[in-house]
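J.: Straight from TrEMBL, here's the annotation block:
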- 305-515: domain 'PBP' (DOMAIN)
- 50-72: transmembrane segment (TRANSMEM)
- 84-107: transmembrane segment (TRANSMEM)
- 113-133: transmembrane segment (TRANSMEM)
- 179-195: transmembrane segment (TRANSMEM)
Amino acid sequence: MTPTKNYIKSCLALPMLLIPLILTLALTLSLQLASGQLLPDSMGRETRRLIYLLMAFTIPLLIGGGIGFMFKKSIKNKITSMKGIYIASMVPILYTLIFATLAIVMGPHDYNSTWWGIYFFKNPAFSIFHLILFFGNFQYLAIVAELMGYTGFALGIHLHEFLSKAELHHESLFKTRKAYVLALIIPLFFSGLISREKISNGIIELRYGESTISKDLNEYDLYQIAPFKEGNGLARLDKPASLQFNDFDTMPRLDGATAAYPVYAAFVQEVYQGLGEHYEKHKNSHEKDVYTAFVSSEEEPFDIIKCTKTGTAYERLINGETDIIFVAEPSQGHIELAKVKGEEFNLVPIGYEAFVFFTNARNPVDNLTIKEIQEIYAGKITNWREVGGENRSILPYQRPENSGSQTVMENQVMQEIQMLPPTETTYAGGMGDIITQVAGYKNARNCIGYSFMYYSSEMINNNQIKHISVNGIGPSSENIRNKTYPFTVPVYAVTLKSNEDENVKRFVEWVLSDEGQSLVEQTGYVGK
């Protein structure tokens, strides 16, 4: 075998074996010295992610660069042509790009998918490094660190060539080197592309401060305010409720929207006797169903009350899995689904709420007309300058189809006007998500979103957003009560007309009584 072929093989083996070994040792040692946490919690979450990302860009690049430089130095004047070396140094980059693209396209945001498993274990030498990142919830660093290590190796070879001025003016080799350097831009661009959101969010947090939204949850932590749990902060009556249910088997099963949960959880705490004692008896258990009791538990009787959000709550009602849901109006899709099952909804307003629009607190626009909102979400108005704001493009966030807020948006606001199709950038999965997106988007002042007043102002305390007046009228309690705010919407107790359970009827009647309405008002809604 010729010396050149031996060096080409070494050029393939070194980055794929030595770089992951050094990175794994460096990561393990760093975590041990820092007791498992390199950056303090006092830093904002997005700031920490940005710093970790910068480390994933620079450290592997420097390590790979050093190895590549020393490799080129060791083979100086020992081979007849560098073209084979250039090609060999690009192979690890190319195969990583292929596997990374497949993982991102075939398993987007799902690190437990088969495609990400293939990516993490494609190079056994990198498997320990990837596993450490995976279990530390730093999966987003894996591709960047690996690509930068290989890219650094290739750049190290070129750097030695440049500094040694070896055959720099040889025409054929000069063209090869030029193509080689240009090709190295691809992994740098790819790494920046897949990291753009975290870079953007980190910069925003550094500029505007850390968001006041929960660091661990996008949705409000319902488990903490569930009925019968200590310090839940739910509304209370000053005397026992006139309606009492004592039999777990005959208690109406409840479900509903996230924003409505505090009010129907308060109903349960006053009316459903025996559940509190049952919870107290089992609360020190470490079982999952005890922690998730009255929110998402699957164990009786903790599953009598759930909060599966609007879309799923309607589906569970239609399928007979729950008796009463507390939600906004049904979507056309839910109405059609009920018809297919031979069912029809019975909607009883139990209180009122404002459907609100919000933007970043630094956006100078404080008011929009209904027509302007419609044209923004129809794509006819695309710049804040058109509605008296700055010269910035408008990024209108949307919610998933059949969610409560999306249904109100389509039925009450757009009124058959076709909305823009949501892009991945403007789509937000939960009400907490949509508020996070508006506050934290890279061009923060250009976003607009929508939600329910109670959720955006009471359940989520986010000082980075502000509510926008509509037709000059703000969503105050007084304007909701007198219904002058244009998008004052009911909160419904929804049942199936086919459900003739007497306890269901009694419970809804009690909710409409002075006692039930007192809890509605105390929670923050406007009563009937």
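Backbone N, Cα and C atoms are what each Cβ position is placed from, and that goes for glycine too.
Keep in mind that this is a model prediction, so the values were computed, not measured.
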J.: Could you name the stretch, out of 50-72, 113-133, 179-195, with the greatest number of CB pairs under 8 A to the transmembrane segment (84-107)?
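T.: Top-ranked stretch among 50-72, 113-133, 179-195: 113-133.
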J.: Within the same chain, where does the transmembrane segment (50-72) have neighbours whose Cβ lies under 8 angstroms from its own Cβ atoms, ignoring anything closer than 6 residues to its ends? I mean 6 or more beyond.
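T.: Long-range Cβ neighbours of the transmembrane segment (50-72): 10-11, 14-15, 18-19, 22-23, 26, 38-39, 43, 85, 89, 138, 140-141, 144-146, 148-157, 159-161, 191, 195, 198-199, 201-203, 205-206.
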J.: Quick test of the contact rule: Cβ under 8 Å, at least six residues beyond the ends. What residues does that give for the transmembrane segment (113-133)?
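T.: Hits for the transmembrane segment (113-133): 16-17, 20-21, 23-24, 27-28, 31, 95, 99-100, 102-103, 106-107, 139, 141-143, 145-146.
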J.: Please work out the mean pLDDT for the residues of the domain 'PBP' (305-515).
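T.: 87, rounded to a whole number.
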